[in-house]
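Features of the protein shown, as given by TrEMBL:
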SIGNAL    1-27  signal peptide
REPEAT    102-135  repeat 'TPR'
REPEAT    136-169  repeat 'TPR'
């Protein structure tokens, strides 16, 4: 009985170790492919760029924690249903519990923008970019906020930065063209 009990302990220990190793990855490990995807995005044709855009956004949406991912989903679902206050509540809980998760800040910024809380949206977009400087969706959101606040130079500069990362970003190109005369006095 003693030998089988020792073997059972080893089996249980091995099982516990394998379960621990197969658990969710930290957000940094999940996003290891992000630099490669962003590099591909810089040179992609329009069709591949859309696919890469989706992949990158999926990477950005993975926090590494099922609980935080659920808060993100609930916040986004509430926003989609038009329940902005509920969305802000879920996304605020997310940013409180996962302050290093850039997509939580970005999603809450979107909710604040829809609530016309532009200062709060601006803060959260800046926080997103502090955590993920190549977050082209946050740059786009920030550019839209700057346009809304009649700050065309700042919006124009952001549209240019987006196109450096994502040359096929149609909305950024349109924004650049829209602001060209106001900022530089000429058409593109």
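Cβ atoms here come from the backbone N, Cα and C positions, even for glycine.
Note: TrEMBL annotation is automatic and uncurated.
Counting only same-chain residues 6+ beyond the ends of the repeat 'TPR' (136-169), those with a CB under 8 A from a CB of the stretch are 38, 41-42, 44-46, 49-50, 53, 57, 60, 102, 105-106, 109-110, 113, 118, 121-122, 125-126, 128-129, 175-176, 179-180, 182-183. Long-range Cβ contacts of the repeat 'TPR' (102-135) within its own chain (Cβ-Cβ under 8 Å, at least 6 residues beyond either end) map to 38, 60-61, 63, 68, 71-72, 75-76, 79, 84-85, 87-88, 91-92, 94-95, 141-142, 144-145, 148-149, 165.
DSSP assignment over the repeat 'TPR' (136-169) gives 27 helix, 0 strand, 7 coil. Secondary structure of the repeat 'TPR' (102-135), assigned with DSSP and counted as helix (H, G, I), strand (E, B) and coil, comes to 27 helix, 0 strand, 7 coil. The average per-residue pLDDT of the prediction over the repeat 'TPR' (136-169) is 97, rounded to a whole number.
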